Amino acid sequence: MAHDVESKRGIPPGILLIQKIKRGNLRESTYRYIVLLVTFIAYACYHASRKPSSIVKSVLDPEPYNANGLKWPWPIGNVFVQNEALFDDMNKLGEKGWAPFNGKDGTSKLGGIDVAFLLCYSIGMYFIGHLGDRLDLRLFLTGGMVGSGLFVAFFGFGYFCHIHVFWFYLIMQMVAGLFQATGWPSVVAVIGNWFGKRKRGLIMGVWNAHTSVGNIAGSLLAASVLDYGWGWSFIVPGGFIILGGVIVYLFLAAYPEDVVFERDVVGNVETRPYDEEAQVKREIEKETIGEQTGTVQQYGSEYKRSVGFIEACQIPGVIPFALCLFFAKLVAYTFLYWLPFYLGQTAIGGEYMSVKSAGNLSTLFDVGGIFGGILAGYVSDKLNARAITAASFMYAAIPSMLLYRCYGGISKTMNIVLMMIAGLFVNGPYALITTAVSADLGTHSSLRGDSRALATVTAIIDGTGSAGAALGPFLTGLLSTKGWNAVFAMLVAGASIAGLLISRLVLAEIREKYSNSKQFHPSSRQHTHKDHVSEPLLSGKR
């Protein structure tokens, strides 16, 4: 069935129009730039559509006080409250709120829909990612974006339809979470299809900035229309991701053979390689697999079978990296949810800042994370060692977080510097594992080049990581009553475990490099190829 779907796949309408205007095919480098841009826009739209719920929380449940005492928005709880002035900005955003979120249990209900979204997103990854390897990624991604946009907008329609039933909003978030799960496996699979491993880490490190760009765009869109009614804060970002889905449908060539390979009269796929790395890899596979001579290999996704969930889990390296990402995202998302509140409740230079200032300042953690993703990708490419790079960054995150906790309150300048350094080391391995590592494992040599597992592997790894993303803020809520030191102790433990979980892969990479340095003379190293070395390193075997 998968073969029938793939055989009907054609050139995207927008690309076809460009080819007609140009009166010929475009250069491969041009296609790759288009793929980078379209997938960047696509996942930025996904993240933008996730921001409205955080923007409107203070409008849905505007009163931070109740008869039982202080009440913070989820997930902070009734802890660490030092200055009543911190609530001034929140009190101005609404008067009566919106039922059913403005009652005594409003905070828990808002927290409930967030947790439901993350859980559906995480669970959906495991099932939806497998579909991405069976279906046309362009249509699959388009459908996911349109579905996400519709259910985000439906949440906003609750304002105009005067809906005050909690289950309506819960279901909208749960279904939106399932549709959101289509995004990450699909875009990583597309990038993995187009780019070789030689510079994959650096390219994906730069490309991964779409997360921060999407967060900023979503915040600006939702906040810009908030004065017209909180419903618009969902409808506008919902329309934004639907527009992104249209762009994907028109311009995304998910597979190189769709546009790069020319077809002759009888419909056979021309075997001209589109990547030097692919040619080298095919030569290696001929030696290791014992491919029969005289047989012309057919390239193109319609000649490949998709890998099942269990088979993808058995690919060497998938489970260790998935578990590593669980704890890496636990650390990263704890900062995402808690850092603005931590800044608001911690004296910096002897002064406390407002909620708005704390929120603005916290974005610099993501700025450091952008540089971290780029640096981790670049280093892993230069060393040809994904596990060593990821583990090194996770271990380096431990002292950076402790320094931030101990010395971040000296001055605002010191806080900014230490915050960006912490963001660099915390988000660096997170970005590396979810992008380059997932793409490497999805094209692992154990697949023998006859199957596709990019979306499935990415879903397994990021789905496991997303479970950690949901657990981190939850555990922080429990530990927060003991003070911030307990929270940072949890973060240090999470980073340590993340590094330890890939220790076996790190040792395998070290042994491999040591063996190669002894086996090959420097003058003959040009006869080896990076990809021939990198595959065993990820597998933990030789």
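Including glycine, each Cβ sits where the backbone N, Cα and C put it.
No curator has checked TrEMBL annotations; they are predicted automatically.
Owing to the predicted nature of the structure, the values given are computational and were not obtained by experimental measurement.
Pulled from TrEMBL:
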| type | residues | note |
| --- | --- | --- |
| TRANSMEM | 30-49 | transmembrane segment |
| DOMAIN | 37-511 | domain 'Major facilitator superfamily (MFS) profile' |
| TRANSMEM | 110-128 | transmembrane segment |
| TRANSMEM | 140-160 | transmembrane segment |
| TRANSMEM | 166-195 | transmembrane segment |
| TRANSMEM | 207-226 | transmembrane segment |
| TRANSMEM | 232-255 | transmembrane segment |
| TRANSMEM | 318-339 | transmembrane segment |
| TRANSMEM | 359-380 | transmembrane segment |
| TRANSMEM | 387-404 | transmembrane segment |
| TRANSMEM | 416-441 | transmembrane segment |
| TRANSMEM | 453-475 | transmembrane segment |
| TRANSMEM | 487-507 | transmembrane segment |
| REGION | 518-542 | region 'Disordered' |
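Residues 317, 320-321, 323-328, 330-331, 334-335, 338, 387-388, 390-391, 394-395, 397-398, 401-402, 405, 426, 429, 472, 475-476, 479-480, 537-538, 540 of the same chain lie 6 or more positions beyond the ends of the transmembrane segment (487-507) yet place their CB under 8 Å from a CB of it. The stretch in closest packing with the transmembrane segment (232-255), judged by the count of Cβ pairs under 8 Å and taken from 140-160, 166-195, 207-226, 318-339, 416-441, is 140-160. Long-range neighbours of the transmembrane segment (318-339) within the same chain, counting only residues 6 or more positions beyond its ends whose Cβ lies under 8 Å from a Cβ of the stretch, are 75-76, 312, 362, 365, 369, 387, 390, 394, 397, 419, 422-423, 426-427, 429-430, 433-434, 437-438, 441, 457, 460-473, 475-476, 487, 490-491, 494-495, 497-499, 501-502, 504-505, 540. When each of the listed stretches 30-49, 110-128, 140-160, 359-380, 416-441 is scored by C-beta pairs under 8 angstroms to the transmembrane segment (453-475), 110-128 comes out highest. Sequence-distant contacts of the transmembrane segment (110-128) (same chain, six or more residues past either end, CB-CB distance under 8 Å): 50, 53, 57, 60-61, 73-75, 101, 144, 169-170, 173-178, 180-182, 184-185, 309, 459-460, 462-464, 466-467, 469-470, 474. Remote same-chain residues near the transmembrane segment (30-49) are listed as 15, 141, 145, 148-149, 152, 176, 180, 183-184, 187, 190-191, 194-195, 203, 207, 209-211, 213-215, 217-218, 221, 237-238, 240-241, 243-245, 247-248, 251-253, 256, 259-260 (criterion: CB distance under 8 Å, separation of at least six residues from the stretch ends).
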